[in-house]
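Novice: The structure under discussion is supplied below as structure tokens; questions concerning it will follow.
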Amino acid sequence: MPENSPETMTRNRSIFLLSLGCSKNTVDSERLIGQARRKGLSFTNEPDEADIVIINTCGFIADAKTESIDEILAAAEKRKNGEIEALYVMGCLSALYAAELRAELPEVDRFFGTADLPEILNILGTAYDPATRFERSLLSPSHYAWLKLSEGCSRTCSFCAIPKMRGRYKSESMEDLLQEATRLKAKGVKELNLIAQDITPYGLDLYGTSRLNDLMRELSDLNFDWIRLLYAYPLDFPLEVIDTMRERENICDYLDMPVQHICDRILASMKRGIDKQGTIGLLESIRKRNPNIRLRTTMIVGYPGETRAEFEELLQFVREFRFDRLGCFPYSHEEHTAAYDNLEDDIPEEEKQERVGELMELQEGISEKKNRALEEKALKVLVEEVEDNLAFARTEYDAPEVDNECVLDTAGIDIRPGDFCMATIEESSAYELVGRIKNVIP
């Protein structure tokens, strides 16, 4: 550890926290800031004004690792030059590669894993308080927030190192989640996005069965305007959730369910626990139970051994099923995974990228047609930003950060971020709706 250890720092130091990666990481960062601020510590949004820098890293795929390492290196240079007094690194990358990072980056004062909030607070000169563990300072716009239902994952997907980074699946209690949600509601949050590494088995470890549906009903009763479900695993998904979604007006007709692939051989190699027939049957059941639902999914292409015929099978599935939202990643050969240990990364990177492009071009055409069907219709939207005479908003069918944007002429109406309004859609493209605001919803 460098000289002038920051463990004895006084409370007049300013802290900058850089949160990288997914929304689960964001929640971890919000909890750290919330607890620290509650104890009187000061944070800044400007890295150049900080005495202490904390980087919450992502280690999921190669691109995320590279971004995390680049940010650490930049901050380490500041630490080396005396521009900051301390540098701490936390999160998934730190959990997975702590020993290697310590050896390569002596400028970093301390590395922490994903469950080290008490230790981080301690080194900042304050104490962890279990009674306020859900105290959060939101990093998202104040009108929406993430509610993390669990920590870790007990699935054994061959391409994923999340269980190594975050441990086995551990649900938060319903009581704690309802308490946290109540606090978020009091902060003015209107849209609650339910997240986890996997929301499907929520409660199984605590109650012996999935309690996702029960939790949704309880959260719905708290009167959020929108409640949204993200990161649902296909295997053992509780279909009663879709019935509740259809019945409850404030639960968005939206489900994010990454299926990753459709070829039986690849699904088996991925250790997904579900085959093509089971996947299609589940998705058809979901649409049958709620015809108005919008389904988002994620695919991986270029998985080891993926033949052209297997990729064509995936294309045909997407062509026929017509997902409402779809993202695609090229396979990333990650250490600490079964695929890395047992399979050869034999698809050239150029070929992977070509397959990503081909699949996304197909989806673009599907999305264009689906959005065109919304033209001349009036939709309820949530305003995200206002700039001059334009408002940028989302429908209930679009999650924050990843889905479509709705660009609206405010028509002189006084509108602010966080407002709901009715909008008439006049034009569309694959990933954007364009229209005008009819009226603000009180």
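Along the chain as shown, the residues are counted starting at 1.
Glycine residues also receive a Cβ, built from the backbone N, Cα and C atoms like all the rest.
Pasting the feature list from Swiss-Prot:
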- 13-129: domain 'MTTase N-terminal' (DOMAIN)
- C22, C58, C92: [4Fe-4S] cluster 1 binding site (BINDING)
- 139-369: domain 'Radical SAM core' (DOMAIN)
- C153, C157, C160: [4Fe-4S] cluster 2 binding site (BINDING)
- 372-439: domain 'TRAM' (DOMAIN)
Novice: Just going by other Cβ atoms within 10 Å, which of the binding-site residues C22, C92, C153, C157, C160 has the emptiest spot?
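Specialist: Selected from the binding-site residues C22, C92, C153, C157, C160 on minimum Cβ neighbours within 10 Å: C22.
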Novice: Same-chain residues six or more away whose CB lies under 8 A from the CB of C58 ([4Fe-4S] cluster 1 binding site)?
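Specialist: C58 ([4Fe-4S] cluster 1 binding site) has long-range Cβ partners L20, G21, C22, N25, A64, K65, E67, S68, G91, C92, L93.
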Novice: As a quick check of your reading of DSSP, tell me how many residues in the domain 'TRAM' (372-439) are helical, how many are strand and how many are coil.
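Specialist: Tallied per class, the domain 'TRAM' (372-439) gives 1 helix, 38 strand, 29 coil.
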Novice: If you take the centroid of the Cβ atoms of C153, C157, C160, the listed [4Fe-4S] cluster 2 site, which other residues of that chain have their Cβ within 8 Å of it?
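Specialist: Residues close to the [4Fe-4S] cluster 2 site, other than C153, C157, C160: R155, T156, F159, A161, I162, P163, Q197, D198.
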Novice: Is it possible to list how many residues within the domain 'MTTase N-terminal' (13-129) are helical, extended or coil according to DSSP?
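Specialist: Residue counts for the domain 'MTTase N-terminal' (13-129) by secondary structure: 57 helix, 22 strand, 38 coil.
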